[in-house]
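Taken verbatim from Swiss-Prot:
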- GLY166, ALA167, SER168, ILE232: NADP(+) binding site (BINDING)
Amino acid sequence: MTAQLIDGKAIAANLRQQIAQRVTERRQQGLRVPGLAVILVGTDPASQVYVAHKRKDCEEVGFLSQAYDLPADTSQDELLALIDRLNDDPAIDGILVQLPLPAHLDASLLLERIHPDKDVDGFHPYNIGRLAQRMPLLRPCTPKGIMTLLASTGADLYGMDAVVVGASNIVGRPMALELLLGGCTVTVTHRFTRDLAAHVSRADLVVVAAGKPGLVKGEWIKEGAIVIDVGINRQADGRLVGDVEYDVAARRASWITPVPGGVGPMTRACLLENTLHAAEHLHD
């Protein structure tokens, strides 16, 4: 068996096109365009690249984009005051604080200061709680994007044994909630899991988000399983690789995401989708 590729780049491009069309319709109806504020603290190179991509995405779909590039020594109180101002700004539908933050800043406190209706990353405890109670509002972008990728395969998730490798607040935990909502029987593995191979090898669907290149061996993948690789790791030779041993896994899986070009583009597209949703359903 050779796996079919889940082309996140193409699916994300289609989603951006739909969002841009809706923004055009809003303009024609005399409605304001959605607004996204992006806060970057410090000069972390990877964060600067991610933020540049997000701003480019906003321009592509016609959003209002406000950039706040702040020095690394910005204080907690200064950031809280900025978030308060953006919470009160009617032109802004979404507020994004780029992670990671400098060590002196409390990320949890800052993210919780964002009004839940403007939490387009979907990290606020209120939005995670809504997802847990099967009433999602603004959903975490990466898990939401993965559900869109899974839908593109046409696979029926109901009753599938799904294994999530990694239990972070950003991907693993909300991913488990999304899969539960999708009808899967879900197992979450983490760094204390004793026999990772045993869990992965029985899974109909594997979502790997551990940040460790090649952690999941291709031979562990069950024949015909769906493999979603969230990991993106730069090797010494400059190559980007995922958390799954791709070449072997692709010979066993029915569907697999490439790295790069799989999950990453969908995360960005879902940030735009959340911002549009906030504008249309929470703020208009």
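Every residue gets a Cβ built from N, Cα and C, even glycine.
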Write out the long-range same-chain contacts of ALA167 (NADP(+) binding site), meaning residues 6 or more apart in sequence whose Cβ is under 8 Å from its Cβ.
ARG173, VAL188, THR189, HIS190
Based on DSSP, name the secondary structure state of ALA167 (NADP(+) binding site): helix, strand or coil.
coil
Which listed residue (GLY166, SER168, ILE232) has most other Cβ within 10 Å, given these are binding-site residues:
GLY166
